[in-house]
Every structure is written in C-alpha cells, then in structure tokens.
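If you check Swiss-Prot, you get these features:
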- 98-100, 119-120, 122-124, 144-145, Leu159, Ser161, Thr178, Ala200, Tyr231, Lys235, Thr261, His267, Arg272: NAD(+) binding site (BINDING)
- Leu149, Tyr150, Lys177, Asn185, Gly188, Lys191, Arg192, Tyr245, Gln248, Glu249: UDP-alpha-D-glucuronate binding site (BINDING)
- Asn316: N-linked glycosylation site (CARBOHYD)
- Thr94: phosphothreonine (MOD_RES)
- 1-19: topological domain 'Cytoplasmic' (TOPO_DOM)
Amino acid sequence: MVSKGLLRLVSSVNRRKMKLLLGIALFAYAASVWGNFVNMRSIQENGELKIESKIEEIIEPLREKIRDLEKSFTQKYPPVKFLSEKDRKRILITGGAGFVGSHLTDKLMMDGHEVTVVDNFFTGRKRNVEHWIGHENFELINHDVVEPLYIEVDQIYHLASPASPPNYMYNPIKTLKTNTIGTLNMLGLAKRVGARLLLASTSEVYGDPEVHPQSEDYWGHVNPIGPRACYDEGKRVAETMCYAYMKQEGVEVRVARIFNTFGPRMHMNDGRVVSNFILQALQGEPLTVYGSGSQTRAFQYVSDLVNGLVALMNSNVSSPVNLGNPEEHTILEFAQLIKNLVGSGSEIQFLSEAQDDPQKRKPDIKKAKLMLGWEPVVPLEEGLNKAIHYFRKELEYQANNQYIPKPKPARVKKGRTRHS
C-alpha cells in the first residue's frame, strides 16, 4: 500500500514537473520565434529599402533617357542643314555651354555637323544648349578638360576657360590649370586622333599695349604677376604649347586672339563693362565708370566672332589671327549709348581707376580680312539692342526664380574693378 501511494505521489510530481518544463519550453520557443520574426521583419524592411534605393539608382537615368527621347519626338529643333557623310565633321567644343561656345554650337549644328560639347559648368550653363538635347547630331558631356578625354573627332574648338575677371580672379589656380593642363590634354587628343585644334586665345596676351592698334606680330606689354596674370599668362602659355605641338608632333593648330565680345547668353553679373552697364541701366542704378572713362575698347557682336572662328578653323592659316571689331569707343561713350538705348534715367558714377586696366585696346584685323575674308558686319547699336532684349528676358526669368542679379565687380585691389 505504501509503495503504491509513494509511486502515485512520485508520478504526480513528475507530471507537474513535466508540465512545468513543457510550459517553460513552449514559452522559450514562442519567445525565440517572436524574436526571429521581429529581426527578420527589420532585416526585410532594411533590405527592401536598400533594394528600392538600388532600383531607383538604376531606373532614374533610364527615366531621364526616356524623357529626352520623348522630348526629341516633340521638340522642334532649329533648322539643320543636311550634309553627306563625306562633308559632315565630328566636332568637339570644350566650354561649349558657355557664352561664345553655345553660339558656336548653334552655328555648327545648323551647318549639319556632329557636335560634342564638353563643359564642367563652372561658368557654362546647360540652358545655353538645352534646345539641342536629344538631337541625333548632338551630345553634351559634363567633363573637366584638366582630366584626359578619349573621343574620336575631326576638329577641336578649345574654348574652355573662365573668361571674365570675377571668375578667373576668384579661382586663379583653376584658371591656370584649365589653360595649361587642359590645353595639353586637348593637344594630346588632337595628336592621337589626327584632329585639327583651334585655341581660343585672347587680346589679353597684349597686356596694356604700347602699340595701337594691336597687330599679331606685337609681343605685348604685360605684367606676369599682376591680378589678371592667371588668365593673360595662361593664354600665352597655351599659345606656346600649341606651336610646340605643331613643330614637334605635326599637330594642326589654329590660334584666334579674341577681342571684347558681347551678346545674348553673357552672364549678367560677370563684371564685364557691357553686361554691367546694361544691368545697371535696366535696374535704374548708377552706371559705374572706373577712372575718367577715356579708356577705349572695341566690341564685336558674338555672331561675328563665331563666323570668324569657323573661317579660321577651315583655313590654311596656322599663325595667330586677331578677331575683333576695329570700331573704337571710349568707356564713357559706351555708358551713355547703353543708357540711351535702354531709356534709363540712371546716372553715371565715376570711381577710382583699377590696377592694370589697359588704357587702349583695338585690333588690327588686316590679316583676318586678307587671309580669311572676314570682318565684323553687325552694327554696334543693333548688337546692343539684341543684348538688351536678352537681358530683359533674363531678368524676368531670374525674378520668377526668386533671384535678382547685381553687377559683379572684379576684385582687383581694395575692391576696385576693371573694364574688360
């Protein structure tokens, strides 16, 4: 009897233990399952986010391509001439989204060539060439010429460089690199693919000239360590590089010494005299003249320059050629003319003269006339009216985008500016 009772007691205790152990085991299992579920859900959510992010990275460029294709079907491009395969050239324009470069792009596209624009958008703007995006003959590449470029082309227009005083003084080292390393890279490309290269040089290589007007055989009167030297000397070195490659490597080069140019797509606050005067007159602010205003400049309209660049590229002239308008005016005359054309009540304000500001600049273009059959044809007032119209539209655009530009002086010395 005792043994049976004891057995039942032990059996009862074992059942209770088993139930307890089973309960603990079930609880532990449930806790483990819940923990794994929560962990897996977290991993899944993170994974889904990562996958979605990766998919978005892949899909976004495709969306952009689709938008460009849709635009190409609906967009009306400027009229383009048809050229045969033999006559159509593959042309590279460095700095092609800039002021002059974008007008050159228009000219070459409308002439029927295949144009590749390379720009790092330091001063260039996509807006300047967006009307060609999607066209089968056009390609836009975001690239800095200080890095090598590998592309098959027949001609290279090397325009890449900051060209207005505020821009090249803001980053003089970048300006030097663009005009030296960038030019070396483009010459190396021209050598590899057998292309002809045109360097957009500048009248600044003449410095503050002691000879007037300036012809191509004048060596200049320059300050190699002055505030503008990064640009002036950069272009002088670029010319030297071109002729070294021509003599040693047989590269075909053309060098255009470009004088003051104006027209639509100029930056309104780039610190140049024409853009400054137009912007000040439109905004009713004083037109700032540095010094007495007796300094002289000769301004050409941008379409004249573009025609000159194309004529030079397709010529047999390998020595430097001046491209500019020999019609000379004082800075004060420009201020008064722009004020009258705008119909502005702005006053003319005289400020202290800037350091290294050339007193006279006027091109001798006999060589261009004789060897290229080129000379400017757009009258000054006609060109200024076109520029003023563009600036009015640009001010409206900027106002709609909550940005009102102000004339931007070149920082030279104690806040002084210069006439470019």
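From the backbone N, Cα and C atoms, a Cβ is placed for every residue, glycine too.
Taking the features listed in Swiss-Prot, we show where each one sits on the structure.
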residue : record                               : DSSP (3 states)
Asp119  : NAD(+) binding site                  : strand
Val145  : NAD(+) binding site                  : coil
Lys177  : UDP-alpha-D-glucuronate binding site : helix
Gly188  : UDP-alpha-D-glucuronate binding site : helix
Lys235  : NAD(+) binding site                  : helix
Asn316  : N-linked glycosylation site          : coil
Separation of alpha carbons, Arg192 (UDP-alpha-D-glucuronate binding site) and Lys235 (NAD(+) binding site) (Å): 23
Binding-site residues compared (Gly98, Gly188) - highest count of Cβ atoms within 10 Å: Gly98
Candidate binding-site residues Gly98, Asp119, Val145, Thr178, Arg272, pick with smallest Cα gap to Arg192 (UDP-alpha-D-glucuronate binding site): Val145
For Arg272 (NAD(+) binding site), the number of other Cβ atoms found within 10 Å of its own Cβ: 28
Mean of pLDDT values spanning the topological domain 'Cytoplasmic' (1-19): 46
Neighbour tally for Asn316 (N-linked glycosylation site), based on other Cβ positions within 10 Å of its Cβ: 7
Between Thr123 (NAD(+) binding site) and Lys177 (UDP-alpha-D-glucuronate binding site), the C-alpha gap once rounded to whole angstrom: 15
